[in-house]
Amino acid sequence: MKSLMTKPRIAVHKFSSCDGCQLAFLNLGEALLQLNAQVDILHFLEAGMSDAEADVDIAFVEGSLSTPDELDRIRQVRAHSRYLVTIGACATSGGLQALRNLDGNHDDWRDAIYARPEFIHTLKHVKPVAAEVKVDLELWGCPVSSAQVLAAVRALLFGVAPVDDRDRVCLECKRQQAVCVMVTQGVPCMGPVTRTGCGALCPRFGRDCYGCYGPSETAQTDTLARRFAGLGLLPDAIARRFLLINSQAPAFLQTGRVFHRSPARAQPPGDQDD
Amino acid sequence: MPTADYLPRHSLSHLFDLLQQHGYRLVGPQVIDGAILYRPLTAVDQLPSGTEQVQQPGQYRLIQTDSSRRFSWANGPQALKPLTFTPRETLWRSQLHEDGSLSFHETPEPATPTAVIGVRGCDLAALALQDQHFADDPYYRQQRDALLLIAVDCSHPADTCFCASTGDGPDAKAGHDLALTELDDGFLIRAGSERGKNLMTALPLTAASHASHQQAETQYRRASQQQRQLPTFDPAQLIHLGGHPAWDAVADACLSCGNCTSVCPSCFCFSESEVPELDGTASSHQRQWDSCFSEGHSYIHGHRFRPDTKGRYRQWLTHKFGSWVEQYGRSGCTGCGRCISWCPVGIDPLQVLAQLGDEPPTSN
Amino acid sequence: MTHPALPTEALILNRIQETEDIFTLQLRLTDPAQQWRLGIQPGQFNMLYRFGVGEIPISFMAIAQDEQGQSVLAHTIRALGRVSQALAALLPGDRIGLRGPFGNGWPLQQAEGMDLCVVTGGLGCAPAVSIIEHAFANRALYGHIHIIQGVKHSADLLWRSRYEFWAQQPETTVLMAADVAAPGWPWYSGRVTELIKRLPLNPEHTLVCCCGPEPMMQASAEQLIRQHVPADAIWLSMERNMQCASGHCGHCQFGADFICRDGPVMPYPRLRDRLGLEGV
Amino acid sequence: MTSRRIRIDVPALTRVEGEGSLRLEVRDGKLVELGLSIFEPPRYFEKFLEGREAREVVDIVARICGICPVAYQISALNALESLANESAPDWALTMRRVFYCGEWLQSHALHIHLLALPDFLGFDNAIAMAGQHPDEVKRGLKLQGLGNALIRLFGGRSVHPVGARLGGFHHAPAADDVSALTHKLKAAQADAADLTRFCASLPLPNDPQDFIGVALHHPDRYAMECGNIRTSTGLMLSAAQFEQHFHETQKSDSTALWSDFDGQPYLTGPLARLNLNHAQLPDFLHTRLGEIGLALPSSNMFHSLIARAVEIELALHEAITLLEGYTCPAAPYAPLSLQAGTGYGMSEAPRGLLWHRYEIGEDQLIKAARIVPPTSQNQARIEADLHRSLTAFGLDHDEDALRLRAEQVIRNYDPCISCATHFLTLKRVER
Ligand SMILES: Cc1cc2nc3c(=O)[nH]c(=O)nc-3n(C[C@H](O)[C@H](O)[C@H](O)COP(=O)(O)OP(=O)(O)OC[C@H]3O[C@@H](n4cnc5c(N)ncnc54)[C@H](O)[C@@H]3O)c2cc1C
Ligand code: SF4
Ligand code: SF4
Ligand code: SF4
């Protein structure tokens, strides 16, 4: 994109989400004031700015599309923004709530929960933003970190596309000198197929990565699933690893589906004891 | 006059004190998060005690025994590499001034003199390889020149070790300042440099008994009997075996996760990146460990030379065991076995090498 | 002490748009103490740094003198990705960082007294143009000059006027090929190797400089050898990902060679049995 | 008074977490319509928890709310661990309180500075406010930052932290990190005291009203990470008894469920807590209450702001005290095994009572889950308050003044609408 000569105008929009990714801004501390010196924030409800219709240079979108109304709204956002950035798993891959897509359970779930389901207008399938409008940049993570968001803003201020780091968590895990939990504890870590961005938080905390940053480049998900089977995981448990926060990301969905709701006794393909 | 070459176990702390008196920061093995890690320490009792280990392809477990030995394990996930080739560091900073001019600044952080205790023979050999590779790299040199190395001969190699067959272990052969052989009740000690000799003179040493020397000898012989061995192959030919079915088999098993390259004490790849400040007036140019298993490694705009795991695994293996010989006069592997243990799926490159040597390649 | 790993500041004197996405930056180093960096040979390259964005390897194009007699360095760049596009956005008066020179250039010494054959494919032309310019600037040192340029599509041809100008020089042959040619393309349509066949080569006395995609370079080299050019008189300019340009980062390895340090210009025999291997 | 009609439509409330809107209509000096509606789309967490493993619950429920993930994690752990053979180690239980202090600190500081204060100082938002009140804003951001740092110490990151697990924590912080942070917490105590004084000095509306307060109570300490329910009507209830008295219904114009206590609206959150548990505050805070002249229990809803400031001081004090003399434990967790059955658990999220119930099957998977978050509990109270406050304020005020007052009233509850609707009862309500 061309260099942004004047102070760029930005908006932060929320769709179906937990608000956690917006906190990447609100948790900035004094850097929030610095950011404000670099950009004009026109719309950001939680921070108190309300002008959803304003034309902006960069729109950050949190949350997935889960109601008919949200489909309309995202088109509006697109129409008013030059550069649209999704922040977080919800906006980028549907997020946790997209688990309802798996078995087409939406209607049952709604009717079970609401006394008056007729007032509930939700879509059967949760969609990531890119399923509906063109997205210029995706920031993965549940939640995205302040560092990711600031790096994206900074790059756009320089008039260049932000770097899309698709390395896997394992690489960062070793850079951080964390001890591999899969090798020392035999726990099923998603690090080998998950992209970095978090700084390998989970392994540094002695636990398995659960894939909250979505698939890495060339994610060898089938190979990893076979490894999980070798560690003793039953098919459904393997499916649960892949079908969690980024269940709709194709690399995770594809492998997850192979094991999802398969009879517990069915043996997964591949080696059992390596 | 018999040489004074024996340090009783309880006098190990004298060595620690001596090093600290000489202004060294101490770094040594410690049990952390279920593995042996080299971390700063100040006292002997922070060292492992009676810790042994089981290493298998894709598996690493510590075992606690009653022994009072401090070095009865083979190795941990990292050798000396992080101490000299920092996983992530800033190379230089640039500043954009009001008038539009740019200036560049080094970010020198003077290295603290550091004594590393418990270094293995295989790791010294790997360090020598990195010394060659990074000979004219100022960032590496600065850290490297600050090291004092105190090796300990390996008495308990793991099942994944094959240093005897590469000729780099189990004892410390070269590159150390001091080397210890741990025995039941103390250490045989020898110097590998002038600095080491000088330190030795300040230690409360006695002459080791004949029995001690015999114990060391037996121990050495036992440690040298390793199950795993580097198979024979022609390094110059590896790169030409592209059509061999072994690559497909290993590509199917491999995660492309890069752990083998990260734990390898000789792997040196890094990528560079730019980290600008939010206000856009200053920026840091950094480098961080990279791996030939990553997509970016073989990327040029619009093309990747190694788009898949097969190509990446081949790059790794043919470089480490093949082209390395041409580059640095020997193979890049010093037999530490880390890539076998720390591979999450337990791939053993020696097996792949053996397959490549065994079966005739199909044509490429 | 500042070491060579640290960039130095360069001022953009001029920016020339060559084609839609190719531009040339003319640069002057602002620090007189850094002038040693201008001892650069055709075929070598610099790392150009855009503040806050990153560095990329760019071949050296030419050095000229401005009116004040100061050295002006030219780099021709195609805007493709992050850094090259960011460089494309710069204007005269802007500053960039520069590290270099790196690598080995064309074997100028060995070429003296010989015919020169410059074979380029696609966008491989920038490093090759530098040697052609050099040869014309030192015309007496070389015999016949053969220039062969192949492009994918006739519209990709860069510096058409320059080629036309060279074609009119004495002792010079210019042949062009486009895989796909638009109507009105006065030259050949087809492969570069076909053009090589037509060259009136004096094989014993020719030095070949070849630059372009690897399959094209390989095919050209084999064709030249068939026409009795000695393999060690054929030089290729190689390309791989580069981060440090000083032979440390490992990205540019091609078999045992680090392209940034042992190349980018290398003799064909050194490369012969590795070119064309998948994934190398 | 002239006959006039005002319609106020705030289609998207700002400075609240999540999405809600307000409609009110005044005709001839009477409030003829008032609707606080919530259009946060349901995400059906309770349903997709079914079939997941018990150990996954902490990572899932954190994502219900980015502002108070710790509360979700701890309430869930309390519920699940009630089915365990043994309890988590003392070290872990203590550190959970510290972890929780981090969340109170960050959430309260965020609410006071970024959401509430602009109302009282006359700004649209905190960034605009920072121009004229830079010190107050920076002080707030610093306290918020410390809260986040405390969460990071135990969880790696402040949003959806990864450290909590069944039986304790995955990882114990290093003693050096603990002492470094404790140092900073101590240094911030004076700031926190100033903040309380500052909040007390604001011209808060004085608007006493009757309400039922509900909060957890713990015999030994100001309840936060665990306790039993205490109501201002004098009831004491365990988590398992919650559903006997608290019921949820669905409002027709809203995706949110409203909760009542035996048919009555009630208040949960900082003011309810302070009213019910102030006797357990440390001495220095009693002194502070005297200094600022806050008499408890208070029936002025706007004192919620001061209650948050007081709880910031409390959280700092608690964290510092509990981290004093910290040493790394031998193991940061006990490997617990859970029995099949139904577990109940609660804790005091920054916004109030957060109640969870899980049914675990023989296969160790979740069979059913129910979660009742604070905002749905405060919903009825907010509407009742709006009615009262606006009438008391004077419906003849102009539109802007009415809207501001209405928004102040709503923000005062710090409604976290994102979670308000994530939690839905499984029971069908009578039509
Ligand atoms: C020795 C050498 C000489 C070159 N000379 C020229 C020249 O004179 N003119 C010209 O236009 N181009 C030249 N190139 C190619 C040029 O370096 C790439 O086009 C450029 O790096 C693309 O960077 P980018 O950031 O714009 O692209 P992106 O696609 O965004 O690339 C991202 C990063 O990958 C790396 N990278 C991508 N492509 C290449 C590549 N081809 N070579 C090395 N690293 C790469 C860089 O670090 C780059 O910043 C040369 C390359 C080499 C190796
Ligand atoms: S991606 Fe995760 S953190 Fe972000 S809004 Fe969605 S649930 Fe919250
Ligand atoms: S702990 Fe996980 S992320 Fe780290 S190296 Fe092991 S498998 Fe990879
Ligand atoms: S390690 Fe994995 S689950 Fe943990 S924070 Fe990082 S990406 Fe998310």
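Even glycines carry a Cβ here, placed using N, Cα and C.
Quick look at what TrEMBL annotates:
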| type | residues | note |
| --- | --- | --- |
| DOMAIN | C:5-108 | domain 'FAD-binding FR-type' |
| BINDING | C:CYS244, C:CYS249, C:CYS252, C:CYS260 | [2Fe-2S] cluster binding site |
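Contact annotation for chain D: of the listed binding-site residues (C:CYS244, C:CYS249, C:CYS252, C:CYS260), none places its CB atom under 8 A from a CB atom of that chain. Proximity to chain B, taken as a Cβ less than 8 Å from one of its Cβ atoms, holds for C:CYS244, C:CYS249 among the binding-site residues C:CYS244, C:CYS249, C:CYS252, C:CYS260.
Other residues of the chain with a Cβ within 8 Å of the Cβ centroid of C:CYS244, C:CYS249, C:CYS252, C:CYS260, the [2Fe-2S] cluster site, are C:ASN241, C:MET242, C:GLN243, C:ALA245, C:SER246, C:GLY247, C:HIS248, C:GLY250, C:HIS251, C:PHE258, C:ILE259, C:ARG261. Once Cβ contacts within 10 Å are tallied over all protein chains shown, the binding-site residues C:CYS244, C:CYS260 are led by C:CYS260. Spatially close to C:CYS249 ([2Fe-2S] cluster binding site) yet at least six residues away along the chain are C:MET242, C:GLN243, judged by Cβ distances under 8 angstroms. On the 0 to 100 pLDDT scale, the domain 'FAD-binding FR-type' (C:5-108) averages 91 in this prediction. In the three-state DSSP scheme, C:CYS260 ([2Fe-2S] cluster binding site) falls into the helix class. In terms of DSSP secondary structure, the domain 'FAD-binding FR-type' (C:5-108) contains 15 helix, 51 strand, 38 coil. Neighbour list (C:CYS252 ([2Fe-2S] cluster binding site), Cβ cut-off 8 Å, at least 6 residues apart, same chain): C:ARG240, C:ASN241, C:MET242, C:PHE258, C:ILE259, C:CYS260, C:GLY263.
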